[in-house]
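In what follows, a single structure is set out as structure tokens and then discussed.
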Amino acid sequence: MIYHDSEHRLWVLSGPSSSYVLHLDEADRPRVMHWGPRLTPEQAASLLLRLPRPGFRPVEDPLEGSFDLIATGGLCYGHAGLQVRFADGTRDLELVFTGQRRTDRELVLAYADRHYPLAVECHYRLYGDVIERHLVLRNEGEPVTVVRADSATWVLPRLNGYRLSSVRGQWGAETRLHRAELPYGETVLTSRRGVTSHQANPWAMVDDGTAGEEHGAVYSCALAWSGSWRLTAQRLPTERVTLSAGAGHDPVTWELGIGEELVTPVCAGLYTEGGFGAASRAWHDHQLRHVLPHAGEIRPVLYNSWEATGFDVSLDGQIRLAESAARMGVELFVVDDGWFGTRTHDAAGLGDWYPNPHRFPDGLGPLIDRVHELGMRFGLWVEPEMVNPDSDLYRAHPDWVIHRPHRRRTEHRNQLVLDLSRPEVGDWLYRTLDELLAKNAVDFLKWDMNRPFTEAGPDERLWLGHVRTLYDVLDRLRAAHPHVRIESCSSGGGRVDLGILRRTDQVWTSDNTDALDRLDIQHGFSQLYPARVMGAWVTDSPNPYTGREIPLDFRFHVAMAGVLAIGGALTEWSQADLDRAAELVADYKRIRPLVQHGRQYRLLPPDGELSAVQYLASDGGEAAVLVHRRARRFGHADPGIPLRALDPDARYRDTATGEVHHGAVLLTHGLFPDLAPGDYASALVHLVRE
Ligand code: GLA
């Protein structure tokens, strides 16, 4: 609900349990009066009485850092979310309010520079307690350089302390949670790589330092953008804190020609109470309701052949794997890299998206038919934004890659990036994939992007343009092939964000499939993103990447925390493992509606001896608990694991043992899962309300 008090130039944007209150001051600056628990319009208006008396003007603006649109100019010395350079070199913006447009859920506040022909609109859209915010800049007269256009600047109220939560990582070690006091100055989370990145992810949470998993207020924001980005968490010495986020990194700028418009991506903000767990659940809920396409679908159990075969792809080999996967209960069979062009290793073939004629002399038809006959859907790996210099595409169009004259073309994994900001490249990309999907009965694409940009040069359009074309091609392909589902992958989890999730169905979380490492990666992933999109494979032991040996049940019980998949060399598994795997797949299918669509409670974090996560059906009727013991230390007995959000007066039956537990006892004394005595013990407990 959006309420406007014209007399006081006040707007109150309220979700079910929070409010965001804006007031336009006498200088037309939108001051954030409140972001926190819900206020009535009357309560919100009373905040104006508490404003400092006008007249006292110290050298530094005492209100610096309290506006939701901060433009360069005047006495503003902190981070400005909006920075421009006019043709005559002027960098100061002097915005005057020009009007508003408003519905129940949407608000547009419009401004224009008082001299230069630049219009700025701030758009707000309410989804429950989530506020989506973006900017529209319109050049109405003379060229202007946009230096920075953050989609949103979120202003926090005064707290007793400030602690920042975010994720950091690298290839094979994505989304590891980092929680530390926010230092004074500017903390910059950023990607300069052209993709969202493994190193950082475009979201942040701030609390006062006392919030826990299930208690405390949390302020968070997340940017919906899959290219380079920058999130600035600023803490001024005056204890004002802002979170400002937008596309592009320093020093990328954008030339806005006459009559042109720049529409920024969306940055969403959310205030929650109930700790980090409640914040995560609210973000999960938002994505399931408003971000993901086909959010209501159950994601199938997938098999992917990459770890089993590498580039050694053959029709017979794939069919053998498919038959084994089908017996295990797999529902979607995905052929990874190595099926196309001359791609028998990673130095050739990217760009040539036709089946390798030696490996598939009759095309993909025979394989696809067999997979469908086995009752599974068929998926294919593509990496269409890339080209190997050793490919027909590159030989025909060497100028299609991102490059600069007089500079080397830096190769990474022997490949270069196609410049999607060039219209002919975007057209080729769409045509090629459209044809691939039209000619082959493909149900699923794993869309990979394995290297960052280099030599991108001063043509700044490329940084935004590449992502825009990517989004456009994905949108058009989905419209033309509505049955096709897409997985976003970028060397594992390098392109996971609310922008790509608007147009893909799941993501590949990490190339690291070691179940122990995965516990940390998945814990960080779950802070913002729901289990419904988190691809998680069970692979071989010892793990091909880390060499660690982990029992099959533990590997499954870790992967069951998301969209379960199998990625092992099944033809080398023992019959006992294949049989046990089939049982575990069946177990997962029983609980997956809870995992994929229920509410998630992180019961115990992954850094202790025991970790656990619970999923609760939205009607509270069923719960699934996954428990992992990484190591038993000192012969300790396992403690009970208190569950969350159950009905204390209800009884819950364990579907495996038939044992009946009282809700009140599970909530206080906890669950004692029957774990094997040693290291790497795990359990799945499925409880149904009686
Ligand atoms: C990337 C992906 C892997 C696999 C390979 C294939 O590394 O993350 O899952 O698809 O590419 O080359």
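In case you wondered, yes, glycine gets a Cβ from its N, Cα and C as well.
Feature annotations, courtesy of TrEMBL:
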DOMAIN    29-256  domain 'Glycosyl hydrolase family 36 N-terminal'
BINDING   Trp171, Asp336, Asp337, Arg413, Lys446, Trp447, Asp448, Met449, Asn450, Cys489, Asp511  substrate binding site
ACT_SITE  Asp448  active site, nucleophile
ACT_SITE  Asp511  active site, proton donor
DOMAIN    611-687  domain 'Glycosyl hydrolase family 36 C-terminal'
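Across the residues the record lists as binding substrate (Trp171, Asp336, Asp337, Arg413, Lys446, Trp447, Asp448, Met449, Asn450, Cys489, Asp511), the two Cα atoms farthest apart are 19 Å from each other. Secondary structure of the domain 'Glycosyl hydrolase family 36 C-terminal' (611-687) per DSSP (helix as H, G, I; strand as E, B; remaining residues coil): 6 helix, 30 strand, 41 coil. In sequence order, His198, Ser491, Gly492, Gly494, Asp511 make up the list of same-chain residues 6 or more apart from Trp171 (substrate binding site) whose Cβ falls under 8 Å from its Cβ.
The Cβ of Asp337 (substrate binding site) has 22 neighbouring Cβ atoms from other residues within 10 Å, across all protein chains displayed. The Cβ of Asn450 (substrate binding site) lies under 8 Å from the Cβ of Glu383, Met386, His412, Arg413, Gln415, Ser490, Ser491, each of which sits 6+ residues away along the same chain. Counting every protein chain shown, the Cβ of Lys446 (substrate binding site) has 23 other Cβ atoms within 10 Å. Sequence-distant neighbours of Asp448 (substrate binding site) (same chain, 6+ residues apart, CB-CB distance under 8 A): Asp337, Trp381, Val382, Glu383, Cys489, Ser490, Ser491, Trp508. In the three-state DSSP scheme, Asp511 (substrate binding site) falls into the coil class. In the three-state DSSP reading, Asn450 (substrate binding site) counts as coil.
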